[in-house]
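Since the structure comes first, as structure tokens, the remarks are kept for the end.
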Amino acid sequence: MALSQKLAQFNKQQEKLQASLAKINQSRPAPAPQPKVTVSRKAPAREASQNSVPFSQRFSFTNDTEKLTQIATIRRAPVGAQIKRVLDLLLETRQSLLPEEINESCFVDVSANKELLESLKSNVKVSFDGQRFAYKSKHDIKCKQELLVLIRKVPEGIPMGDLKDSYPGVISDVQELKASGDIWLLMNSDSQEDIAYPNDPRIKIKVDEDLKQLIRSIEMPREFIDVERELTKAGMKPATNTARREALKGALRTQQTQKKTKKRRETKRTKYTNAHLPELFQMNLG
């Protein structure tokens, strides 16, 4: 409210000044014609354009109270929130920006906040060359071909979380590589995150239809615990243990049921009297 009141007062003062100048100009007599003087040098075009514009219109003052309030709110925010705004800007633009350019784009004054400046310099997602800030992804790749080369170098797989901010369009490139058979995209059962694995082009072979039908005719176990049992018979250690997990779930359900059905213990209250001290009553009666 204080800021809007000051702006309103300023606008009123400007209107009064303009009205006063108009009255003064009207009261002055018309100037006498002056002899034409030839000047050897030409006045700059910028000066001529400025003289043609009234003085009151040469400077523009913002009256956008909402914008000023937003800027003040951003600069009073915690350092972590301001870093988030800068990271979002660098990720979106993919450009190396000066502190002044960052301030103009997202209203975060990096130069005026020493803690913010040092935090950005040491941030793993920020590259700083001494003057400009830029977004730094975990893997320095710029196109689909570089993406494929990177995935083939890591046979144990790369999580999509480490790839999604590499460059714009990386997600669609991953899907295209999956569709073309160059990579496998499988979900990790623990983290519930897709992992990109390389598909070795040397193992692309043609399989006879008879062999395909034979493999498809083999009945697979329907329950996951049966799959683990078959893997154990084949000498392989399953990555999961369904039996143990189900046992833990059953024990937990049993404990919860017992807590709900547990009856409240009945407490026996004993009534204390002074019947064993009859002499006290006799003394009181006497």
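Using the three backbone atoms N, Cα and C, a Cβ is placed for every residue, glycine included.
Note that the structure is predicted; figures quoted are calculated from it, not measured.
Here's what TrEMBL has on this protein:
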REGION    25-56  region 'Disordered'
DOMAIN    67-142  domain 'TFIIE beta'
REGION    247-277  region 'Disordered'
COMPBIAS  259-271  compositional bias 'Basic residues'
PLDDT averaged over every residue in the domain 'TFIIE beta' (67-142) = 93
With DSSP as the reference, give the number of residues of the domain 'TFIIE beta' (67-142) in helix, strand and coil.
-> 41 helix, 7 strand, 28 coil
